[in-house]
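Engineer: Reproduced below are the annotations present in TrEMBL:
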type: COMPBIAS; residues: 611-627; note: compositional bias 'Basic and acidic residues'
type: DOMAIN; residues: 378-493; note: domain 'TMC'
type: REGION; residues: 602-680; note: region 'Disordered'
type: TRANSMEM; residues: 60-82; note: transmembrane segment
type: TRANSMEM; residues: 141-159; note: transmembrane segment
type: TRANSMEM; residues: 229-253; note: transmembrane segment
type: TRANSMEM; residues: 277-296; note: transmembrane segment
type: TRANSMEM; residues: 308-328; note: transmembrane segment
type: TRANSMEM; residues: 440-463; note: transmembrane segment
type: TRANSMEM; residues: 498-519; note: transmembrane segment
type: TRANSMEM; residues: 558-579; note: transmembrane segment
Amino acid sequence: MTSNRTHTLEKLLENYLITPGSPPPITQTADSREKLTTCFEDDKSHFGSSVASYFIFLRWMYGINLVLFGLTFGLIMVPEALMGKPYGSLPRKTVPRAEEANAMNFATLYDFSGFAQYSVLFYGYYDNQRTIGWLKFRLPLSYFLVGVGCIGYSFMVVIRTMAKNADDDGGGDDTSFNFSWKMFTSWDYLIGNPETADNKFASITTSFKEAIVEEQESRKEENVHLVRFLRVLANFFALCTLAGSGYLIYFVVRRSQQFALEGLENYGWWERNEVNMVMSLLGMFCPTVFDIISALENYHPRIALRWQLGRIFALFLGNLYTFIIALMDEINLKLEEEKIVRQNMTIWLTNLYNGTIPENVTDPPPHVHLADVPRGPCWETMVGQEFVRLTVSDTVTTYVTILIGDFLKAVFVRFFNYCWCWDLEYGFPSYSEFDISGNVLGLIFNQGMIWMGAFYAPCLPAINMIRLHTSMYLQCWAVMCCNVPHERVFKASRSNNFYMAMLLFILFLSTLPVVYTVVSIPPSFDCGPFSGKTRMFEVIGETLEHDFPAWFRKLFNLASNPGVILPVILLMVLSIYYLNATSKSYQGAILELKKKLQSQAEENKRKNKQKAQEARKALEDAQKTETNENNSNSIQDKQRGENNVKKMRGQQQKEKPFPAGVTNGNILPPGSGKGRGLVPPPCIAVTQSSGLATIA
């Protein structure tokens, strides 16, 4: 086992990383770029379908974010940049005077403050005019509908994918003649590329390993009591880890609230980013702890992966909702601060206009610079900044982990194994294995943050798309050059509905805070497209009032009446229940048909085996009969030959005796006749018949 893993890794290092005696490459060559284009096939062939399923899921997530980016970029950011008022035309689009000195510093921009904060990247930059530009584009309505449409599209795609996977699964798994099918039907005879042939060969080998593991797990016998004790102990350790993580997040959030009250400018970089860094570090180290704990349970690798995913899911979910609770507390503080700011602005305007404030004052006095106008805290921009920072910090942590934890570790093990005291490849630290559960959960929760934060930061889908695009190639390269296949390669599930179920649950939980803020919390009074309204959803009523006829408003009010909505929801629930019950009955019928087909196949197999045995027995009997007949015929022929010889000898003895000195018609040699003379020649009778002479 050790030699095989070493040989495999040396081959991968020679192809993708380094050759013996040469330094690691700094840049990607054309050959390596070609290999990156086929990374999915390489991963599946060398690491199994479980690792390949992660990259397929990542590519699917990239497609969703591409659509979200198209909606937010094309219907929100581009119209505001092209048709909206430019930078410096409004206080919400101008950097305050106190921040101008550091507005372009790298540290400020990396923190998404300064000019980045007062740009189309965040909610607070957008104007609240009903229409903008010569197209009369309704930006507030577009902003609201795009936010709702992104959530609705995500629900539709996830549910549709789950339904498609369920159809592909079909219920049950047909494992009849598994090894025979793999042996005789696995090869693709259209392959003409040597590298593709190597990958196909490795893929077939890996599929045999997966099938062997499945067969071994189905026949394994265990000590039930010992296994139960170890699993209970493992769950206890996992709960202790989750509780410690939750307490640490709670403690850090309380500290961050205290820092915010005292002023973050009095603290350093760690104190300002403590919550984000602690969450990233917990997401990086806790999956490793769960992986060590799962070794006690001795589950099937696929079941162990699901337990691992469930524990990390609970960890990330606790961290995420602790973060949301902290943001809610921060929003309440911002709302209290906003009341004070509005009072101060009233006093400021009163002093500017000498005690009399004109009606409908929307712009500051002309002699006051926009950078000097007091403004509110804009809690929506603050929420968007937090999600963007968390996404960026999580991305940086992931990349640093790959480069240091995987690449440098692989280089160390590869070169120092020749001069070390023990075998570094098989012992400690050895090469890393690809963490499927941690990476899958990282994708899912990162997407949850995108769904929550995209309403307050339209740039989040673009940032996440860049993250997924770079991560796809970086992780694929890291898997092929720094990781080794799992010791227990196992086959992934035929459907990825387990991933999709967690993604759907996260989508639902991510929608709740957004819906709560839209429905219950008043928007900021001086920033964003919904400023000046009591609630954000009032933009729908405003649009119906100004842009639609009266009959349509009445119809919409009737459709939005709770007396209509509740029966419709009840009917939908009953329809879902009926369709679910029907689906289960069909699935049960399919399973019963499969069982009948399998039993019929076994019966036919038994009958064919019995017929084959009978035919074989009949053939053996026929062969025995034929052998006996041949033996008897040979004996009879032998006896017949002996009788013929005896008859011939008897006839010869009855014939006339030869003269003296002639034995059997032969002349005796001289001296053998005891003084007798020469023997006369034999009598020859000559007859004339057809020109032939006959000797008698």
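First residue shown is number 1, and so on along the chain.
Backbone N, Cα and C define each Cβ position, glycine as well.
In terms of burial and nearby residues, how do these features look in this structure?
Structural biologist: Looking just at the domain 'TMC' (378-493), the mean pLDDT is 82.
Long-range neighbours of the transmembrane segment (141-159) within the same chain, counting only residues 6 or more positions beyond its ends whose Cβ lies under 8 Å from a Cβ of the stretch, are 64, 67-68, 71-72, 75-76, 79, 126, 130, 451, 454-455, 461, 500, 503-504, 507, 511, 514, 518, 529-530, 536-537, 539-540, 543.
Same-chain residues lying 6 or more positions outside the transmembrane segment (229-253) and placing a CB less than 8 Å from one of its CB atoms are 274-275, 278-279, 282, 286, 289-290, 293-294, 296-298, 311, 314-315, 318-319, 322-323, 325-326.
Within the chain, the transmembrane segment (308-328) has long-range Cβ neighbours (under 8 A, six or more residues past its boundaries) at 238, 241-242, 245-246, 249-250, 253, 256-257, 275, 279, 282-283, 286-287, 290-291, 294, 383, 386, 390, 437-438, 440-441, 444-445, 448-449, 452, 498, 502, 506, 509, 513.
Counting same-chain residues at least six beyond the ends of the transmembrane segment (498-519), those with a Cβ under 8 angstroms from any Cβ of the stretch are 53, 57, 147, 151, 154-155, 158-159, 161-162, 165, 306, 309, 313, 317, 320-321, 324, 328, 331, 383, 440-441, 444-445, 447-449, 451-452, 455, 535-537.
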Engineer: Residues sitting near the transmembrane segment (440-463): Cβ under 8 Å, six or more positions beyond its termini, same chain?
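Structural biologist: Those are 54, 57-58, 61, 64-65, 68-69, 71-73, 76-77, 120-123, 147, 150-151, 154, 283, 287, 309, 312-313, 316-317, 320, 324, 380-381, 383-388, 390-392, 394, 398, 499, 502-503, 506-507, 509-511, 513-514, 518, in sequence order.
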Engineer: Counting only residues 6 or more past its boundaries, what in the same chain has a CB within less than 8 Å of a CB in the compositional bias 'Basic and acidic residues' (611-627)?
Structural biologist: none
Engineer: Tally of helix, strand and coil residues over the domain 'TMC' (378-493) according to DSSP?
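Structural biologist: Computed counts for the domain 'TMC' (378-493) are 82 helix, 4 strand, 30 coil.
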Engineer: What are the DSSP helix, strand and coil residue counts for the compositional bias 'Basic and acidic residues' (611-627)?
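Structural biologist: Final tally across the stretch: 17 helix, 0 strand, 0 coil.
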